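Asker: Checked TrEMBL, it gives:
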- 35-61: transmembrane segment (TRANSMEM)
- 52-296: domain 'G-protein coupled receptors family 1 profile' (DOMAIN)
- 73-93: transmembrane segment (TRANSMEM)
- 113-134: transmembrane segment (TRANSMEM)
- 155-175: transmembrane segment (TRANSMEM)
- 181-204: transmembrane segment (TRANSMEM)
- 240-263: transmembrane segment (TRANSMEM)
- 275-298: transmembrane segment (TRANSMEM)
Amino acid sequence: MANSTTSPSYNECNFSTERFDQLSTNLTQSSRVTLLSFAVLNGLAALPTFMVNLLVTWTVLESPRLRSSNYNILVAILSFSDMLTGLVGQPLFVSFSACHAWDCVISCKLKVAFSVTSVLNTRWTLATLAIVCVERYLYIHHPLKYSNKVTIQKSFITVVVSWFTVAVGAAVQKIEHKHAFFVRRLVGLTFLLPVVAIIVFCSIKMHLTLRRQRRAIAVVLPQGVASRQSKVKEFKRIDVFQIALLIFALQYSPLVISQVFWTLKGPGLASSLKIITSSLTVTCIYSNSLINPFLYSIRLSDIRKGVRSKLPRFRATDLASSVVRVDINAANRDG
């Protein structure tokens, strides 16, 4: 007989994953295939997501010139958040999905880890994007106030406070209680609506202002003037950020659609639909963490050069490690 004193089972845990709760007992074959397919995709993407974001973060923090820019520091923080997705979020999603597909007992620790990290990874990225939007908005619309008020230290403190607030909200949202279904949506909307409003407002204002400024610069400043080149460089930064926002909107749209769909249908939604919508949503959100650093590395020349300079170091480190292993094996054989 199986030992009943093992770690708490899936149903005895006080944390809710909501999207995946109570699915493992009634999965169809097609649902298992869908779940495992998304797990494989996330498993393959985990290492590249971690490595590329590590390179971007390392590039910014290592260079005194790059880390002196408020925008670059925020890019590094955003890449750090994305790096956690590849290091923690995607491996936990793979483990959690495999347990669901194969009907294994999901421990309370795995459930809590997956539930918390899936929310934190998403909302930390959203909060950081909103802060970057505000930073770029102030840079364009209020340059004097930006130069006098906005500092790296203040931006870092803002990120820390927002991340802490997100963590507290996630903990409240995930604890099971009598009105859990409605409380989860209330807490989620309280965070999501202001953040989305900030991102949309700042993005529209930046786009309109950039279009006017580009026309003015093309008329007033001749080609090759240093001030024009500096402005063009800043415009390119904002262009990259707006492209990232567009991709972000496309990849987060399944989350918004599924939230509306789940709210309308209530908790009695069919398990097969839960599997498809939940796995697709998580995969789309996590894939954004792999696309963003490629955008920053390819489009921004300073970061691109820094990332390119780091690649030979990785190859040299791997070669040195191989040589050390060969020497150790040879010494063991001689001994």
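In case you wondered, yes, glycine gets a Cβ from its N, Cα and C as well.
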Asker: Under 8 angstroms, Cβ to Cβ: which one of 113-134, 155-175, 275-298 has the largest number of such pairs with the transmembrane segment (35-61)?
Answerer: 275-298
Asker: Across the whole of the domain 'G-protein coupled receptors family 1 profile' (52-296), what does the mean pLDDT come to? Round it, please.
Answerer: 79
